[in-house]
Amino acid sequence: MEKDGRPNWDNPMQFFLACVSYAVGLGNVWRFPYLCQMHGGGGFLIPYLIMLFLEGVPLFYLELAIGQKMRLGSIGAWTAISPYLGGVGLASVVTSLYLCLYYNIINAWSFWYLFHSFQAVLPWAECPINSNRTGPIEECEKATSTQYFFYRETLDISSSIEVNGGIHTGQALCLVLAWLITYLFIVQGVKSTGKVVYFTATFPYVVLFIYLIRGITLHGAVNGVKYMFTPKMEQLANPTTWINAATQIFFSLGLGFGSLIAFSSYNQYNNNFERQAIIISLINSGTSIFASIVTFSIYGFKATVNYENCLEKIRILLLNTFNLAEDTITLDNVYEWVLNNLILHNGSKSHFPVMNFVSDLFQAVEGTGLAFIVYSEAIKNMPLSPAWSVLYFIMLLLLGMGSMLGNVTAIITPLRDFKIISFSVLTAGLVCLFCLLLGLGFTTPSGNYWFTMFNDYGATFSLLFIVLIEVIAVSYIYGIKRFEKDIQDMLGWRPNLYWRIMWLVISPLLLIALFIFYIIKYIQGGTPTYQAWNKELGKSEVLDYPVFGQVFIGLLLVSSISCVPLTALYAFCKKRKHGNHHNAAADPKINITHSNL
């Protein structure tokens, strides 16, 4: 503990692993592979890596420097820079609160799947039998067994956000467990977090490596890996590719939440955060690429299995149609038979199942669809599938819990700085309990739709605004020369020309462009929509948010951003009031006037 009474990390490695555990999260596993799939495989890596050095690393460096210099959480750090900027820290806390409310439900789903993995046959491996025991449940038959398990067994999802029901008991218990573990991880501040990150930051890599070895040995995996590393260079001319690359770097590193400022505030004053910022950023991006290789090997396996299953159905159909011997048609010559049959019997074309290996491989899936449906479908086809399922969901849990450490620390650190509650154990407990009680809403039948709303609108827009204000405030309000001097005081040297150009010009311009893009996209997008599960069709359909949903989206967007101007206005009024009192005390005439009133 330092002389100022603030606790410190036991060693620089704990801080390093805490940042890795926070930055490397679920987005690396389910968002980056989706973007690679959407934007030309390996071609996406070019804008991604360019944006890493133009935007990601400089802003990561900036937040670590602020926290280590000020030795305060986000609110205190920005207030110390200028009373008018305290709202930037407050906006970060509000955004982190929104994230905490819904992020732990993903960990609850991971617990649910993990507990159901300890069975000889995975419950999502096949459709359950209907009540009449005459066949599979209709909803599952129209969808797939993995979709049915996720939407019906896990979520018990309603048909729209307007249809609600009671709390899903199993999910509620899993959510309680997720928050209990989160509390135990952060209850003693950096003293407990510093121990936990040794495991949460390293074990996911062990699982990913095991999955890499297993993935590339799966039948057809090489097709997926080839697809990933075959660049479609024409995508480089698509502005959306560059925008998505910049956005992915931004969110993947966890900028703007206040977590990095909070973590670095517990550093030794002379800790070399410059080297750590570079290494952590590279590890984060390297993990995304590493996880994508694993994911695309799974894609290749899944697409190959689906393709061969389709060929087998056609083979059986041909054998039955033409009354042929079993060995007449094989998987190797079935396509030739199909072509000949279509030429001779053109009218029977509709009897053959539609199959397209490339389109199946190209079907881009992100988020929960990738993590809980696509991966589950691949796992069920693996030998010893329960063991692979247990490993996978333990990895998801550790990635999610590692990110939660940073999210909750971003809220608790400012509360402890201002000593709003005397006991730190009580502070952590109350924050976790508050988030748990509100988070129970995500365990209701319509909870997944609210989850999607928070995920889409709770942080994206506000974080861009927060980080834009941060870089402008440091470069032009606090002053770049003053900031350089602070860094020299901590590290012993000034940042080089690369960092100065990024902070003064490149990063602000990129953030402004992204901010404008999101405003235009939101305006042109019309009525906000969401994916609703239709049990009759066995698939998702696009619905417009009702009026109350649109109003809530507006509140999500405005509530965090408004903290910046409102806090600045409060600071201005407070300063003006203080100035008037000071003038009144100095001027006897004014004092007499006031006493007469």
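Including glycine, each Cβ sits where the backbone N, Cα and C put it.
What TrEMBL says about this protein:
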- A23, V24, N28, S252, N284, L399, S403: Na(+) binding site (BINDING)
- 12-32: transmembrane segment (TRANSMEM)
- 44-62: transmembrane segment (TRANSMEM)
- 83-105: transmembrane segment (TRANSMEM)
- 165-186: transmembrane segment (TRANSMEM)
- 198-222: transmembrane segment (TRANSMEM)
- 242-266: transmembrane segment (TRANSMEM)
- 278-299: transmembrane segment (TRANSMEM)
- 390-413: transmembrane segment (TRANSMEM)
- 420-441: transmembrane segment (TRANSMEM)
- 461-480: transmembrane segment (TRANSMEM)
- 501-520: transmembrane segment (TRANSMEM)
- 547-572: transmembrane segment (TRANSMEM)
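Within the chain carrying the transmembrane segment (547-572), a Cβ under 8 angstroms from the stretch's Cβ atoms is held by residues 83-88, 90-91, 94-95, 98, 161, 453-454, 457-458, 461-462, 465-466, 469, 527-528, 530, all 6 or more beyond its ends. Outside the transmembrane segment (242-266) by six or more residues, the chain places 6-9, 15, 18-19, 22-23, 25, 27-28, 31-32, 35, 38-39, 44, 47-48, 50-52, 55-56, 59-60, 63-68, 70-74, 77, 89, 92-93, 95-96, 99, 189-190, 273, 281, 284-285, 288, 403, 406-407, 409-410, 413-414, 459-460, 462-464, 466-467, 470, 510, 514, 517 with a CB less than 8 A from a CB of the stretch. Between the transmembrane segment (390-413) and the stretches 198-222, 278-299, 501-520, it is 198-222 that has the most C-beta pairs under 8 angstroms.
At the 8 Å Cβ threshold, with sequence separation of at least 6, the transmembrane segment (420-441) comes into contact with the transmembrane segment (165-186) through 3 or more pairs. Long-range contacts of the transmembrane segment (165-186) within the same chain: residues 104-105, 107-109, 111-112, 115, 154-156, 158, 192-193, 196, 401, 404-405, 408-409, 412, 428-429, 432-433, 435-436, 439-440, 442-447, each at least 6 residues beyond the stretch ends and with a Cβ under 8 Å from a Cβ of the stretch. Counted over residue pairs separated by six or more positions, the transmembrane segment (12-32) shares fewer than 3 Cβ pairs under 8 angstroms with the transmembrane segment (461-480), which leaves the two as not touching. In sequence order, A201, P204, I283, N284, T287, L399, G402 are the residues near V24 (Na(+) binding site), counting only same-chain partners six or more apart with C-beta under 8 A.
Residues 51, 54-55, 58-59, 62, 243, 246-247, 250, 460-461, 464-465, 467-468, 471-472, 474-475, 480, 483 of the same chain, all 6+ positions outside the transmembrane segment (501-520), place their C-beta atoms under 8 angstroms from a C-beta of that stretch. Sequence-distant residue pairs (6 or more apart) of the transmembrane segment (278-299) and the transmembrane segment (44-62) include at least 3 whose Cβ atoms are under 8 Å, placing the two stretches in contact. With Cβ pairs under 8 Å as the measure, the transmembrane segment (44-62) is packed most heavily against 461-480, out of 83-105, 198-222, 461-480. In sequence order, S252, L253, G254, I280, S281, I283, N284 make up the list of same-chain residues 6 or more apart from A23 (Na(+) binding site) whose Cβ falls under 8 Å from its Cβ. Neighbours of the Na(+) site: apart from A23, V24, N28, S252, N284, L399, S403, residues of the same chain with C-beta atoms within 8 angstroms of the site's C-beta centroid are V20, Y22, G25, L26, G27, L253, G254, T287, S288, G402. All chains included, 23 other C-beta atoms sit within 10 angstroms of the C-beta of S252 (Na(+) binding site). Note on the transmembrane segment (83-105): residues 73-77, 171, 175, 178-179, 182, 256-259, 261, 400, 403-404, 407-408, 410-411, 414, 435-436, 438-439, 442-443, 447, 450-451, 454-455, 458-459, 462-463, 465-466, 469-470, 473, 477, 556, 559-561, 563-568, 571-572, 574-575 of its chain, located 6 or more positions outside it, place their CB under 8 angstroms from a CB of the stretch. Note: N28 (Na(+) binding site) has non-local neighbours S252, N284, T287, S288, A291, L399, i.e. same-chain residues 6+ apart with C-beta under 8 A of its own C-beta.
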